[in-house]
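These notes are about the structure you will find just below.
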Amino acid sequence: MNSMDFDVLFIGSGHAAFDGAVPLGLNGQKVGVVEENLVGGTCPNYGCNAKITLEEPAEISHLLKQMAGRGLAAQTMNWHDTMIHKHEIIKKMPALIESVLASGQVKIIRGHARLQDAHTVIVDGQAYTAEKLVIATGARPHELAIVGAEYLHDSQDFMSLAEIPAHITILGGGYIGMEFATIALAAGAQVDVIVRHETILANFYQPFVTELVASLKAEGVRFIMDTDVEKVQAQGANYLISGAGDFALETYYVLNATGRVPNVENIGLDIVGVQYNAKGVVVDEFLQTSVAGIYAAGDVVDKQVPKLTPTAIFESHYLAKLLSGETTAPIKYPYVPTVTFTTPRIAMAGVTPDEAAAHPDVYEITENNVRDDWYRQVRNENFGQNILVFDKAHHLVGITEISDRADEVVNAVLPAMEFGWGPAEFERLPMLFPSITASAFGQI
Ligand SMILES: Cc1cc2nc3c(=O)[nH]c(=O)nc-3n(C[C@H](O)[C@H](O)[C@H](O)COP(=O)(O)OP(=O)(O)OC[C@H]3O[C@@H](n4cnc5c(N)ncnc54)[C@H](O)[C@@H]3O)c2cc1C
Ligand SMILES: NC(=O)c1ccc[n+]([C@@H]2O[C@H](COP(=O)([O-])OP(=O)(O)OC[C@H]3O[C@@H](n4cnc5c(N)ncnc54)[C@H](O)[C@@H]3O)[C@@H](O)[C@H]2O)c1
């Protein structure tokens with residue numbers, strides 16, 4: 001009989017924790033999560049779900065613009081009303097996830113957790129013991145060490161704005177920079193994006209990124225490249241951003257979107273001897289840290305796979321199987337898909353066009369112009385290309401697409417990639433017609 005308070009105790013209650021905590025609890029284990037903020041963590045409350053309730057209205061507004069004169073009229077997104085709608089949906093998230101946790105008899109402990117030893121966590125002075133611990137503390141916005149850093153806002157601040165400022169300046173050309181530029185633009189703001197180097201969305205296929213940037217520019221977004229911001233000064237209700245040389249820009253709002261850093265501080269890692277670095281907690285192929293019995297999952301982990309919700313969920317499910325003895329195998333990541341929720345979208349999974357081009361002996365590449373596909377023309381889409389990568393047995397191993405519905409297309413073909421379907425399997429798949437999936441599979 002285990003005399004500890006818990007069999008497994010998670011620090012954090014985001015996807016890296018709750019997706020695995022519930023099956024462990026349903027399996028009869030004593031499970032707890034410690035949370036110092038909103039239950040559910042970043043993705044539901046301040047990330048994916050929150051963002052998409054703003055991005056989808058932006059996308060609908062974009063679609064109406066595309067269809068203007070074809071039976072519909074263009075309409076700008078009303079920020080104030082969209083925000084009320086977003087709050088109505090998102091404020092329910094913590095209670096929803098609490099009920100999911102309750103379904104697995106998972107105990108929620110509120111407060112800040114700190115490791116005391118390999119089996120003890122202190123939460124606001126109270127000790128809790130556990131056979132196994134999982135560090136799932138996620139990440140937070142990267143802070144820029146510049147003069148006037150106190151005037152910078154992060155993505156969470158932006159998603160709480162009651163009104164959209166007339167002029168927004170975004171620092172960073174990554175996921176948040178591009179997605180929030182798209183949203184602010186649809187709400188009628190003048191948007192400037194300042195990028196430190198010459199590359200935007202560095203992990204994505206650059207010819208498609210060039211098309212996305214050209215589209216945003218055509219809609220009015222200004223990109224200021226190769227510029228290091230050094231100072232932000234308040235000037236009444238405005239801000240003056242200045243940088244190397246004589247760079248100066250006046251704006252009403254500055255969004256810092258220069259990345260996220262893992263939450264490794266103040267949780268007792270040094271006390272217990274858990275190894276970590278600037279990219280996160282170091283784990284082995286079982287997600288076990290340098291201390292036996294302490295594991296880590298999600299954004300806090302230093303890893304090669306993208307730090308995204310699908311990754312956090314996969315890792316959490318893996319740990320549920322490992323810690324309940326259902327598996328003894330190392331983690332084997334699937335193809336992790338990713339998308340920028342911009343208009344148009346760029347989505348990808350698996351082998352990239354660049355990797356494929358570098359290994360012509362292993363891969364074959366097919367390029368498709370999907371914009372001219374009759375079904376995409378129903379929505380008068382302006383963009384649409386994809387690159388499919390096949391192995392020599394003609395199994396799909398990679399896809400990159402730019403189009404309004406690139407996310408749906410990549411999702412549709414993921415099973416084919418993951419389970420190695422070839423032409424024979426596709427022949428056995430009747431698809432709803434017309435549908436974006438049928439359109440995507442037509443190319444394979
Ligand atoms: C604006 C934005 C948009 C995003 N959009 C997408 C998207 O569209 N698709 C996608 O796949 N990913 C997206 N992401 C990334 C995604 O949100 C993360 O990959 C995911 O939430 C990671 O989950 P996690 O459980 O590892 O961490 P988190 O969800 O961050 O959970 C960690 C939790 O631990 C708690 N915590 C930390 N330290 C302690 C402590 N000492 N004691 C107690 N509690 C503690 C925190 O309060 C937090 O609730 C987005 C991120 C942001 C910021
Ligand atoms: N659609 C999605 O899946 C999605 C959406 C939003 C966020 N996310 C997750 O959240 C993370 C954070 O997003 P993000 O856009 O903040 O990060 P990011 O890593 O995608 O982009 C950061 C940007 O900031 C720049 N930068 C970094 N340091 C800088 C500095 N000191 N000065 C100026 N520029 C600097 C980088 O060059 C890059 O352009 C993402 O990496 C991703 O894991 C995912």
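Any Cβ shown, glycine's included, is placed from N, Cα and C.
Unlike curated records, TrEMBL annotations are generated automatically.
Here TrEMBL flags 6-314 as domain 'FAD/NAD(P)-binding'.
Using a 10 Å radius centred on the Cβ of Cys43 (disulfide bond) and all shown protein chains, the other Cβ atoms total 22. Under the DSSP three-state reduction, Cys43 (disulfide bond) is assigned to helix. Annotation comment: TrEMBL describes Cys43-Cys48 as disulfide bond.
Within 10 Å of the C-beta of Gly172 (NAD(+) binding site) we count 22 further C-beta atoms, all protein chains included. Positions annotated as NAD(+) binding site by TrEMBL: Gly172, Gly173, Gly174, Tyr175, Ile176, Gly177, Met178, Glu179, Gly259.
The DSSP secondary structure for Asp299 (FAD binding site) is helix. Listed in sequence order, the residues of the same chain lying 6 or more apart from Asp299 (FAD binding site) and placing their CB within less than 8 Å of its CB are Gly14, Ala16, Thr42, Gly138, Ala139, Arg260, Pro262, Gly280, Lys307, Ala312. Marked as FAD binding site by TrEMBL: Asp299.
The feature domain 'Pyridine nucleotide-disulphide oxidoreductase dimerisation' is assigned by TrEMBL to 336-437.
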Recorded positions close to ligand 2 - of Cys48, Gly172, Gly174, only those whose C-beta is under 6 Å away: Gly172, Gly174
Residue among the binding-site residues Gly174, Gly259 whose Cβ has the most other Cβ atoms within 10 Å: Gly174
Shell of the NAD(+) site beyond Gly172, Gly173, Gly174, Tyr175, Ile176, Gly177, Met178, Glu179, Gly259, same chain only (C-beta within 8 angstroms of their C-beta centre): Ile170, Phe180, Leu201, Ala257
Neighbourhood of ligand 1 - binding-site residues from Gly172, Gly174, Met178, Gly259, Asp299 with Cβ under 6 Å: Asp299
